[in-house]
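Quick look at what TrEMBL annotates:
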type	residues	note
TRANSMEM	7-24	transmembrane segment
TRANSMEM	59-77	transmembrane segment
TRANSMEM	89-108	transmembrane segment
COILED	189-216	coiled coil
TRANSMEM	242-262	transmembrane segment
TRANSMEM	282-299	transmembrane segment
TRANSMEM	319-340	transmembrane segment
TRANSMEM	360-378	transmembrane segment
TRANSMEM	385-405	transmembrane segment
TRANSMEM	425-447	transmembrane segment
Amino acid sequence: MWKETTIALFVILTGFTFNYIYYVQPTPYMDELFHIPQAQQYCKGNFSFWDPMITTLPGLYMLSVGILAPLGPLLSLDSAQICSPLSLRLMNVFFCLSNFCLIYTILKKMCKDTSEHSDVFLKALALTSFPLLYFFSFLYYTDSGSTFFVLIMYFFCLHNNQTVAAIMGALAILFRQTNIVWVVFIAGFAVSRRLLEELKLEKKDLREELTSDQKILKATFDLLFSRTRQGQRRFIRLLWDVVKDTWMYMLIGIGFIIFLYINEGIVVGDRSHHKPCFHFPQMFYFISFTNFFASFHLISPEKLFNWLKFCVKKPLVTLSFLGVSFALVGNFTYVHEYILADNRHYTFYVWHKIYKQHPYVKYSLIPMYYCFAYNIVMSLKHKNIFWRMLFFLCTSLTIVPQKILEFRYFIIPYLIFRMNMKSEFRSGLVLELLLYMSVNIVSLYLFTQKPFIWSNSDQLQRFMW
C-alpha cells in the first residue's frame, strides 16, 4: 500500500510543480524558443519548415504532433490551442512518469532477489527524481523523450526482444543523434550475452557476475581462434546467432552512416557552436558528477582507504593514470564560449568558481579524479568485462567529442551506471532520494524565484541546468 501512496504523492507533486512553473514562465524560454515554434509549425501541417538553430532531429516534434494533433478535432481545438506551450510541455511530464515505470521494471528484471523489491522501488523513485532529468520534465526539451526511448530499448533488450529494441533505438536517435552510441551499447550487450551463453559461462538466468575476467577472455580467445572442427562449428553457430540478434541494429548503423554522409556531419542546423573535438577531460567531469550524485554509495572512509591501498599496491598503474591524465588535461581542455559568457547555467559558476580560479587548479584535481574513477570501476566490478568495456567506451564516445561542458549530456550514462551498480544499503537510497529532492527544490526555487535582467536586455533571465 505504501508504494501506491508514494506513487500518488509523486504524481501530485509533479503535477503541482508543472503547474507552478507554467504559471511563472508561460512563454517559451531558452531552447524552447526554437523547439516550441518548430512543433507548432508541424502541428499546422507545415513540415517543410525547419529552424536552422535546432541541432537535433525532429523526433520530439513528430511524436508530439502525432499524439496531440488527432486530439484537436475531438476537443474542438485548433492547431494553436492543441499545440500550445502548455500541452507541448505536458509531453515531457508523460515521459517523466513513463521513465519511472521503465526504470522500475528494468531494475526488477535485473534483481533476482524478491526480498529486495522494496529497495528497487525506492531506487526507481530516486532515479526518476534525478535532478538533471526531473528539471527538464517541465520544459519542452528533448532530454525526457530521449531518455525514455533509450530506456525502453534497454528494457526490450533485457527481455531478448532485439527487433523491438532496435526500433526503439531508431526512435531514440530521432530525439538526439548521439543516441546512436547507446544503440551500439545495447547491440554490444546483446552480442556479449549471446557469447557468454555459448561459452556456458552464464546460467540461464543471464546473471553476469559468475566468472572472472581472465576466464571470460581466455574462453573467448579459444572460441574465436579454435583450429578444431568442433570449435569452428561452434563459432559459425555463434556468428549466425549474433546476426539474428543484431541485424536490425546493423541496419540502423548503416542508415546512420548514410545520414552522416548526406548531412556531412552529425549536427543538423547550427553547427558553429557544436563542432566536435577531442575533449578528454569530459570523462573527468563525468566521473566527478557521478561521484557527487551517487556519493552515498561511492564515497566513504572505507572506500578512500581501499583506494589508498590500491595506489600503494599498484604504483605503476597509479603513475600511469596520473601521467596520462596530466597530459590530457594539459593538452585537451577546451572552454566553450557559452561557459564563459552565459551566466544562466550552473556550469558557468562551476567553471568560474573552481577551474578559473588558478591555471593549476585543473591539474590539482587529478588525484581526486583518480579516486573517483576507482570508486566507479569498483562499483561495477560485478559486471562482466565486456559490459564494462562497452559502458566506458560508449560513455566516452557520447561526451568526449563535446566541446561544451553540459551536464545534460551525462543523464543517460549516469542512469545506466546507477541501474547497474551492485546492491546498495537502503539507508543510502533514502539519503540519495533526499539529496535529489533537495537539489530539485533549490534548482526550481532559483528558476522560479530568482530571475534577473541582463544589462543589455529587458527580458527576465532564469538560472537553470
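Along the chain as shown, residues are numbered 1 onward.
Cβ coordinates come from backbone N, Cα and C, glycine included.
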Which bits of the chain, at least 6 residues beyond where the transmembrane segment (425-447) starts or stops, bring a Cβ under 8 A of a Cβ in it?
17, 21, 24-25, 118-119, 122-123, 125-126, 129-131, 134-135, 293-297, 462-465
Mean of the pLDDT scores, which run from 0 to 100, over the coiled coil (189-216):
70
For the transmembrane segment (385-405), give me same-chain residues lying six or more residues beyond its boundaries with a C-beta closer than 8 angstroms to one of its C-beta atoms, as numbers and ranges.
178, 181-182, 184-185, 188-189, 192, 195-196, 208, 213, 216-217, 273-280, 282-283, 285-286, 334, 336, 338-339, 347, 350-351, 377, 412-413, 416-417, 420
Where else in the chain does the transmembrane segment (7-24) make close Cβ contacts, counting only residues six or more beyond its ends and a cut-off under 8 Å?
85-86, 89-90, 93, 96-97, 100, 125, 128-129, 137-139, 444, 447-448
Would the transmembrane segment (282-299) count as touching the transmembrane segment (360-378), i.e. at least 3 C-beta pairs under 8 angstroms with sequence separation of 6+?
yes
